[in-house]
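**Student:** Got a structure for you, questions after.
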Amino acid sequence: MRGAKLLAACLYLAAAATLVVQAEDPYFHHVWNVTYGTASPLGVPQQVILINGQFPGPNLNSTSNNNVIINVFNNLDEPFLLTWNGIQHRKNCWQDGTPGTMCPIPAGTNYTYHFQPKDQIGSYFYYPTTAMHRAAGGFGGLRVNSRLLIPIPYDVPEDDYTVLIGDWYTKSHTQLKKFLDGGRTLGRPNGVLINGKAGKGDGSDAPLFTLKPGKSYRVRICNVGLKTSLNFRIQNHKMKLVEMEGSHVLQNDFDSLDVHVGQCFGTIVTANQEPKDYYMVASSRFLKSVITTTGLLRYEGGKGPASSQLPAGPVGWAWSLNQFRSFRWNLTSNAARPNPQGSYHYGKINITRTIKLVNTQGKVDGKLRYALNGISHTDLETPLKLAEYFGIADKVFKYNSVDNPTPEQTKSIKIEPHVLNITHRNFIEVVFENHEKSVQSWHLNGYSFFAVAVEPGTWTPEKRKNYNLLDAVSRHTVQVYPKCWAAILLTFDNCGMWNIRSENTERRYLGQQLYVSVLSPEKSLRDEYNMPETSLQCGLVKNTPKPANPYAGA
C-alpha cells in the first residue's frame, strides 16, 4: 500500500512537471560566429564584422516572452560585446551587453546570452558596444512579434521586411578609433547604406525586396548608423506608421520619415502602384550637403525600371520637430498584453524627482571629450554592475547626484565613471538640454519612457504646462534638436544597472553617457535576478567567488 502511494505521488509530480514544461515560454537557440570579412559597401574593399558570414548580421525573429538563447563565438582579435537596443531585460541587466553591466567576450572564446522580450512587441536592432566595432558591422534587425492570441491593430501583412539604414565610413573601425583616441572627430560620413548596400541607382541593382501587387507589407525601418539622422521614403508609396519602438501608434500616412540614430519605426506599405520597380531612398539630414542612397523594390510580374526622379527629402529641423509632435500613442490598442495601452495613465502620476542632463563638449589634456553635467564617462575594466554586486563599488566608482547642474558645473569636464542612484519605483522626470548646434539622440536601456515634449529654448518648470500628458508615445529613444530640450517621464521599476547614452557613437565613445543604478530595497528575486552562474568575471572580481545568493525570496 505504501509503495502504491509513493508511485502515485511520483506520477503526480511527473505530471505536474510536464505541465510546467508545457506552460513555460518556448526556447529558441541560435549559434552566432562573429568573424572579420571583406566587403565593399561603398565600392571600396574594407574589413567588416560578419555574423555567420552575413553583413549586416541575421535578422533575429522572436515573439513576446520567448526565451532567446544566443551562443556568440568571438573569432575577432579583441573583446566583443552585443547589446539588444530596446529590449528591456526585466530584472536581468546581466544580459544587457554594455560595458557597465557585462564583461566583454574575450577573443577566441564564446558566451551564451539568454534573455526574454518580456511583455514587449515591436521593432528593434542589436549592435556591438565594444571599441568602435559598430563602425564595421555586427548589427542586425530584431523583431518581436505579438502572440497569436493578442490582436494587432492592422490586417496581417503579406510579409515582414526589415530595412536597416545608416551612415557609413570607408576607414576601418580601428582607424576611426585612433581618430577618437587622438582627440579628433569622425568627420563627415562617406555614404549611406540600406541593408549594407549603397544602390547605384542606374537600374542595375538587384531588388532588396519583392512585392505582390495589391498586398500590404510590414516594413520596419531602423537607423543603425554612427551619427547621422536620416530621412526615409519610397517612390510613389505612402508609409502608414503603426508602431514605434514597441508601442502601437495612431495610424497616419507619411510620405517620408525622419529616423534619428538608434530609432526604429514599424510601417505598413501597400503595393498599390503600377507594377514595376521603385526606389527606397535614404538621405542625410542636417548636414551641409546631402548624402543619398537607394535600394530597389520590385513588383512581381512588373515591367519597367524605377524612375530616376527621386522624391525630395525635407529641409530643416522645424519640419522634423513637427513630425515628432504628430506621433501619438494608440490608447485603445493593446501592445504585448490584452489590456489597452491607454489604461496606464502616466499623466496622473506625481513626479518625485527631476534630473536635468546638459550635454557639452570640450577638451581635456588637449583632446576632445563629450560630457553630461560636466562628467565625461569612462568605462573601466571592472563593470559597474559587477562592482556593485560584489560589494566593492567604492573601489570602482562613486554615485553622482547632480540633478540640476549650474552653468559653472558644465563649463569644465572631468573624466570618471558617471553613475546615478535612483530609488526603485520612483516616477522620474528627465530633461535633456542641448545647447549645441547638432541634433542629439538619447537612448535608455532597460526601459521605455514617455517622450512628453521637445521644444526650443531652455527648460524651466513652467514648461510642464506644454507636456503631452495623455498620449505621448512610450519609446526608448528621443531626439533633441539644436538649442532645444526634451522631457521624458517614467517609473524606474526595473532593477539593475542601466545605460543612458548618446546614440551618436563618437559622443558615446568619448564620454556622453552615464549609468543609472536601480537597486532592490529588499534584495528580492521579485525585483532582480542573481548573477547567472555562466556570467563572465573580469577586472577586480575576475577570480572572486560569486556572492552566495545575495537576492532571495519569491
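For all residues, glycine too, the Cβ spot is worked out from N, Cα and C.
Pulled these features from TrEMBL for this protein:
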SIGNAL    1-23  signal peptide
DOMAIN    33-147  domain 'Plastocyanin-like'
DOMAIN    159-301  domain 'Plastocyanin-like'
DOMAIN    382-522  domain 'Plastocyanin-like'
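For each listed feature, how buried is it and what is near it?
**Tutor:** Model confidence over the domain 'Plastocyanin-like' (382-522) is summarised by a mean pLDDT of 96.
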**Student:** Using DSSP, how many residues of the domain 'Plastocyanin-like' (33-147) fall into helix, strand and coil, respectively?
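**Tutor:** For the domain 'Plastocyanin-like' (33-147), the helix, strand and coil counts are 7 helix, 52 strand, 56 coil.
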**Student:** With DSSP, how much of the domain 'Plastocyanin-like' (159-301) is helix, how much strand and how much coil, in residues?
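**Tutor:** Helix (H, G, I), strand (E, B), coil: 9 helix, 73 strand, 61 coil.
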